[in-house]
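Visitor: What Swiss-Prot records for B:55-84 is domain '4Fe-4S ferredoxin-type 1'. Annotated [4Fe-4S] cluster 1 binding site per Swiss-Prot: B:Cys64, B:Cys67, B:Cys70, B:Cys114, in sequence order. The [4Fe-4S] cluster 2 binding site feature in Swiss-Prot is assigned to B:Cys74, B:Cys104, B:Cys107, B:Cys110; the stated evidence is sequence analysis. Taken from Swiss-Prot, the feature domain '4Fe-4S ferredoxin-type 2' covers B:95-124, and the record attributes it to sequence analysis.
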Amino acid sequence: MNPGIDLQGSFIELLTSIGLPPGVAKAVWMPLPMLLMLVGATIGVLISVWLERKISAAAQQRIGPEYIGPLGVLAPVADGLKLLFKEDIVPGNADAALFTLGPILVVIPVFLSYLIVPFGQNLLISDLGIGVFLWISLSSIAPIGLLMAGYASNNKYSLLGGLRAAAQSISYEIPLALAVLAIAMMSNSLSTVDIVNQQSGLGILGWNVWRQPVGLILFWIAALAECERLPFDLPEAEEELVAGYQTEYAGMKFALFYLGSYVNLVLSALMVAILYLGGWDFPIPLNLIASWVGVSETNALFQVIAGAVGITMVLLKAYFFIFLAILLRWTVPRVRIDQLLDLGWKFLLPVGLVNLLLTAGLKLTFPIAFGG
Amino acid sequence: MLKFLSKIGDYTKETIQSARYIGQGLAVTFDHMRRRPVTVQYPYEKLIPSERFRGRIHFEFDKCISCEVCVRVCPINLPVVDWEFNKELKKKQLKHYSIDFGVCIFCANCVEYCPTNCLSVTEEYELSVYDRHELNFDNVAMGRLPYKVTEDPMVTPIREFAYLPEGTLSGHDLPEPAKRAGQLPQDIVKTLK
């Protein structure tokens, strides 16, 4: 396997050649990808908010934002700026400390999970050994923040919303983890880079969708529930709970919740792309194209193009799933709380277990196709 | 065991069925995305009001005979008719006439019953003001005619659904001489003769 471009290595090499000690060079490098990822995630959120508004409008035969920038692309920026300038209100009888801590606890783990999202062989912040499970464990911190926000607001709607969010997150984490477990079993690793590498080589045919179709559906349903997207947006069901745990929030604290929910959606879509659609893998293997054209794989230009194609592929696949989530939002009505828990515990959990068992059996019988 | 298996079979069938329903729903929403927006981009586009539209009421001062029929037929006795009896002419002389359009329900009963046709309805519906007292129109204000949508160079007039040619669903991008569906009133009158 071709290692691809190594930005970190060449950057540190450049600094050490100037005369910096290697330790300092590494320290200079470290904040760069983190900052890039933070900015990238925020821009991803702005794009998905804009897409949400435009696609929602199209599904309802409207036009949507039109005059705020070309095609209304600046509408989410205007939303954010408005929230930034709004007064920061803490309700009189609320627990001020918990009230402030709630949104922070919701947002930070989501951003932290971007640590393991790869856009290429070396284009990620950190290739951790526990990889995907870091994401799953971090995503279970968010309900603590939601519960905290709901409890601290001193409002019955908020409390109910917080409790629902906690119940929903806990019950959908299990099918999510089971779906990921089946993937991890096939690729013999939890690292996201290893998972993608295991899928690459055969182009579109090698992707996990073909080996884990049930797992993909399972994962996507559970991920939608984790993100509190529309068929499962019970914690903030506006007809019953005003806005759930967000009821008492305004200004920047509300913006944090809003940002968190969209960052989480983008993250989930990215994870689907990585786990099931081969991450940065092009539908036709790039080295095959290189050999057709007659370019060496170590050619610098080819490497740069391959890297760019990889990033584009990840984003395309992720945004396809965001599009699907938005389309689902206008297609499927909200489920009741009992239907939600039924679906989680009585349908997704047994299906997830059977899927895991089947994967294990197939792995034993066909070790070539299912990662021996 | 067989019963258990058949139960599982039924459950699988139901699941597939519901998944197909969701798929159908997604197809419907997806199909909606390629349709033209039905929205009218007010204030750049405006619908042409129907010929039966009951908008702000127009008043012709000189035709009025101060009979106060409009006041009597009004559900809330809204028109204010200020007149004085002129002894020399032995006639009522109108001094002021006003209707508060903040209170009016635009039923046009006054228009219907006015014996001298001094009242009529216009197409005007843009009655937003900063102070509600500005909606209390006097006879001068009521004598003004509204600007027609079709003559406003800033506005693209859009025909209402009932005025579109047969089979057309949207008033946008109509071919120029598109005649409305069905017969026009004058055509019907001709056939009656």
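A Cβ is built for glycine as well, from the same backbone N, Cα and C atoms used for every other residue.
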Visitor: Counting only other Cβ atoms and using a 10 Å cut-off, which of the binding-site residues B:Cys64, B:Cys67, B:Cys107, B:Cys114 scores lowest?
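Guide: Checked B:Cys64, B:Cys67, B:Cys107, B:Cys114; of these binding-site residues, fewest Cβ neighbours within 10 Å: B:Cys107.
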Visitor: To see if you understand the setup: which same-chain residues, six or more apart in sequence, place their Cβ under 8 Å from that of B:Cys70 ([4Fe-4S] cluster 1 binding site)?
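Guide: Residues satisfying the criterion: B:Pro79, B:Val81, B:Asn109, B:Cys110, B:Tyr113, B:Cys114, B:Leu119.
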Visitor: In the domain '4Fe-4S ferredoxin-type 2' (B:95-124), how many residues does DSSP call helix, how many strand, and how many coil?
Guide: 5 helix, 9 strand, 16 coil
Visitor: Over the domain '4Fe-4S ferredoxin-type 1' (B:55-84), what does the predicted model average in pLDDT?
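Guide: Within the domain '4Fe-4S ferredoxin-type 1' (B:55-84), the model's average pLDDT equals 92.
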Visitor: Could you give the Cα-Cα distance between B:Cys67 ([4Fe-4S] cluster 1 binding site) and B:Cys104 ([4Fe-4S] cluster 2 binding site), in whole Å?
Guide: 20
Visitor: Rounded to a whole angstrom, what is the C-alpha distance between B:Cys64 ([4Fe-4S] cluster 1 binding site) and B:Cys104 ([4Fe-4S] cluster 2 binding site)?
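Guide: A Cα-Cα distance of 20 Å.
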Visitor: Other than B:Cys64, B:Cys67, B:Cys70, B:Cys114, which residues of the same chain sit close to [4Fe-4S] cluster 1? List them in sequence order, counting a residue when its Cβ is within 8 Å of the Cβ centroid of the site.
Guide: B:Ile65, B:Ser66, B:Glu68, B:Val69, B:Pro79, B:Val81, B:Cys110, B:Tyr113, B:Pro115, B:Thr116, B:Cys118, B:Leu119
Visitor: What does DSSP assign B:Cys70 ([4Fe-4S] cluster 1 binding site), in three states?
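Guide: In the DSSP reduction, B:Cys70 ([4Fe-4S] cluster 1 binding site) maps to helix.
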Visitor: Give me the long-range Cβ neighbours of B:Cys74 ([4Fe-4S] cluster 2 binding site): same chain, 6+ apart, Cβ under 8 Å, in sequence order.
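Guide: Residues satisfying the criterion: B:Asn109, B:Cys110.
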Visitor: What are the sequence-distant neighbours of B:Cys104 ([4Fe-4S] cluster 2 binding site), meaning same chain, six or more residues apart, C-beta distance under 8 angstroms?
Guide: B:Ile57, B:Leu78
Visitor: Please report the three-state DSSP label of B:Cys64 ([4Fe-4S] cluster 1 binding site).
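Guide: For B:Cys64 ([4Fe-4S] cluster 1 binding site) - judged by DSSP and reduced to three states - the answer is coil.
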Visitor: Among all protein chains shown, how many Cβ atoms are found within 10 Å of the Cβ of B:Cys110 ([4Fe-4S] cluster 2 binding site), not counting that one?
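Guide: That number is 23.
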Visitor: For the [4Fe-4S] cluster 2 site (B:Cys74, B:Cys104, B:Cys107, B:Cys110), what does the 8 A shell look like? I mean other same-chain residues with CB within 8 A of the CB centroid.
Guide: B:Ile57, B:Cys70, B:Val73, B:Pro75, B:Ile76, B:Leu78, B:Pro79, B:Ile99, B:Ile105, B:Phe106, B:Ala108, B:Asn109
